[in-house]
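S.K.: Sharing a structure here in structure tokens format.
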């Protein structure tokens, strides 16, 4: 008997001699007897009994591993394959393996889309290499996965294209490719177990499919399987799952709609904007509101670097930053409707005409749409209020474009209408006539708006704030002495307030002026006649004043003067104050704010006095 001798330990610098492996055992040379159908099959699916399936596992490199259950009688297993039909006699197939194990591998390249596998178990003859009769232990029809299966997104057609190699099937077998598209935006894994994926089956033409119902920026999942029908029984391959990212379409916004909204009743009358447009899902669209149109060359070019937006006239401060609403669009799964409600429209007149430009932002590039220009009704400009004490006030202004009417309101809410005028009447009257009493004598603020008919609707301009100057109205009369009062030359001057001033700081100075040729036009147009605040008598000689100040309040004022100084002259009471131009915005009494109503001309004409007998 041979004794095993251990190898000596390795010395330093000398490699150890590896142990010699034992020689491989020679394989059995089994002899298979002719099949006589005497043993009952375990796999009886084709006989109406229970079927026992061979489990097929796809390994690296496409190698198949077949596994079957233990038959329980220490049998030798013969694995037989066929390319065209099931095997009912092991001699009719091609031997793949003979083994005492419960599995084997298969690296065969098959010409058809499926092949048939059957496992036969043989009885052992004790003490020999001969085998007894066999029985079918398990079998399977293995349908191969689709060859050449691929899915890709075509940017030009905006469609997902699926394709595979032509399916070759043996005679008598009908093969069908089943495809499905799983719900977009959901995890595919919950649909890949069992047959749930079949609920989302899509049509194909046997060689591929085309899916145009895609959503930009989202990953789409597709499943394919091959079905083979043999004698009314359907066998299915393992499913093949593939996903593809549909790129986001970068296209101009072409349907930007701008709606003007009238916000009357919310403070000063003003307009806001409602904007709507559609865009691809996942897009980033910025809306710019600017006073001037973006650079035409940039718009024509269509796409520019985002860093050049400012140079193209689209500044970051002009970008609307309020969040836009989102709404689904029926039958357009890859698009959505966006809306901006209540966008403020700047009140400044420089913003009466504006441009709204939609810009798609992606990968540091900006795709510009054609700007949408919108205009609001222009308000009146260059407004001047001229007050007339006797009858009316007059408002003049530059007529606002195509306005049909201009209205003057006394209140900020533009509810209390003071007057209105059409363009024709404005030209005829020389302005907007406001009846006396409609504007406060003390002045204040009024509001002018213009109306225009646009697209069947009446549009109102933003209101223009108008400063109304104050107006204080007085009338005076001169009572001359009678002709019989030969030695009394005292005349009285009576000043009566019609619209009296209330602020002492605004009190005006008045003086009596004579001119030999005409009615005086101002304090400077003639000589001043001294005035007395008391009536003179034998015992009282009051002080003379060249000018006096009108006190505030409702009380009439009486002054006296020597009428003989007026003989041969025109006489007139005049206000001594700065003109509005001379005051230049200073808080001074302004001539235009005061009105003195003259008596009849005969009262002021003393040119014939003192030339007759009574001189």
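Even glycines carry a Cβ here, placed using N, Cα and C.
Bear in mind that the values here come from a model prediction, so they are computed numbers and not experimental data.
From TrEMBL, for reference:
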type   : residues : note
DOMAIN : 54-124   : domain 'SaeA first Fn3-like'
DOMAIN : 149-244  : domain 'SaeA second Fn3-like'
DOMAIN : 269-372  : domain 'SaeA third Fn3-like'
DOMAIN : 391-466  : domain 'SaeA fourth Fn3-like'
DOMAIN : 503-604  : domain 'SaeA fifth Fn3-like'
REGION : 1-20     : region 'Disordered'
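I'm curious about the neighbourhood of these features; can you describe it?
M.R.: Note on the domain 'SaeA second Fn3-like' (149-244): its mean pLDDT in the predicted model is 93.
Helix first, then strand, then coil: DSSP counts for the domain 'SaeA fifth Fn3-like' (503-604) stand at 18 helix, 35 strand, 49 coil.
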S.K.: Going by DSSP assignments with H, G and I as helix and E and B as strand, what are the residue counts for the domain 'SaeA fourth Fn3-like' (391-466)?
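M.R.: In the domain 'SaeA fourth Fn3-like' (391-466), the DSSP-based counts are 7 helix, 40 strand, 29 coil.
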